Amino acid sequence: MTPEGDLNQSQSQKLPDTCPISQGDLSQQLFWCTPNTQKPWGRLYPTKPDILSLELTNNEYTVGRGPHCDLSIGNNCKEKVHGAFSKVHFKIRKINISKTNQDDFIVYLDDLSSNGTYINGKKVGKGKSAILENNNEISLCFPHYKVFIYMSSNLESDVKFYPEEVTTQYAISRILGSGAFGQVRLVFEKITGKPFAMKIIQKKRFCTDTRLQLNDLTRTRREVNVLKALSNFFIIKFEDVIESKNHVFILTEYMEGGELFDRVKNGPLREGDAKLYFFQLAMAVKYLHDHDIIHRDIKLENILLSAKSSECIIKLSDFGFSKFLDSESVMMTYCGTPLYIAPEILKNKGKSGSYDKQVDVWSMGVVLYICLSGVPPFQSSDTHILTHQILNGQYSFSNRHWGKITRKAINLVRKMLTLNPKHRISTEDILNHDWLKVHKVQINISATDNSDNEIDSDLENERSRKKPKMGNY
């Protein structure tokens, strides 16, 4: 798989990555054009709503705002940046490099735009061309404004690994992340081109109780139907599950902004941004608790953002995966670090019935602590020492990290990181806490890249009857 922002080096030794388009005509003399065929050699999958996917069967395709382009984009889209698309923004050309092997070819992207075309964040340059490779991201006007992912039909990653039920419905793209549950990949529905995140769970790693094994199709489907029925704006939409003998493939909506972890790994958030994100997290967790669901794995990596900008929607993910695991397996997922685990889970080793929904509140406290301070509340490279700190509630608010944080924020963190779950604040009281209540967090749904145009009724009922606006906190 081609790393982000890195064009293929071996190919670039044969042909320059970026060159004047006129030199592309020279390449026509050096290589043979691929004859027209109905068999697709690649596809452009959109990462933005209101843009169609494009199956590539011919040798050349134009993309732009103009109506005569092979793929016309931007005319029916709501975002202002679409007005900056050129009439013919870029062209894609397929050049065959073998007389005998039709799968041996090079693909060029020609930049014809006034405002820029980017491959993996690297500008091609008007009047120049660059080699386009499998899983390359194409951005228009700005390096961060990703519009397409190019996928080559003969280079789909590890297709043989996936069951037919997956490969017939979805095109497998790049790795989005990985964790204790397994790898997560970006996939595209072949019929619609719609992007999804697909989590791959290996059954034997996460089920120790044979009575609850994941290959119990009836049980799995029952749980999936429950999860699909849940609907909240701040919770990742659970789309489908596909099973094979050894794996479970769980498909959810795709969030372009990535994980909250990546926002705080280099330092704390502004208190206003932390409040914006945490309010949405609290809404999500309250919804789960109101439906008698305990998340059990709230952490920065499971909080996903709709866009790269600071003002955006967040959604809680992985809320249903714990329902597929027995108690011992739950503890196995924390074997790397117990940082977010509530003390009552550690004390009873995850035994079912030994804890309730208040374990999620503790994890929320850890998340907010890190967002505001940039450091975790419990710190040690020794797991035993770290566990001891959690079990005894040994954390502090040093002036170095908390000197500029408001007292109300610190008070809320302290109420969440209370050892006794019976004395720990509830999600309902969190939403009524002075830190959130006095300066009401307001969110403009239409300001985000990856959102619906309506706000969830829970937020509407509990926060405001007016159309909310971003940034008032």
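Note: Cβ is positioned from N, Cα and C throughout, glycine not excepted.
Lifted from TrEMBL, the feature list:
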- LYS199: ATP binding site (BINDING)
- 464-473: compositional bias 'Basic residues' (COMPBIAS)
- 61-124: domain 'FHA' (DOMAIN)
- 170-436: domain 'Protein kinase' (DOMAIN)
- 452-473: region 'Disordered' (REGION)
Report task. Report, as a single number, how many Cβ atoms besides its own are within 10 Å of the Cβ of LYS199 (ATP binding site). Result -> 22
Query raised in the report: How many of the residues that make up the domain 'FHA' (61-124) does DSSP mark as helix, as strand and as coil?
Result: 5 helix, 25 strand, 34 coil
Requested in this report: For the domain 'Protein kinase' (170-436), would you mind checking the mean pLDDT of the predicted model?
Outcome: 85
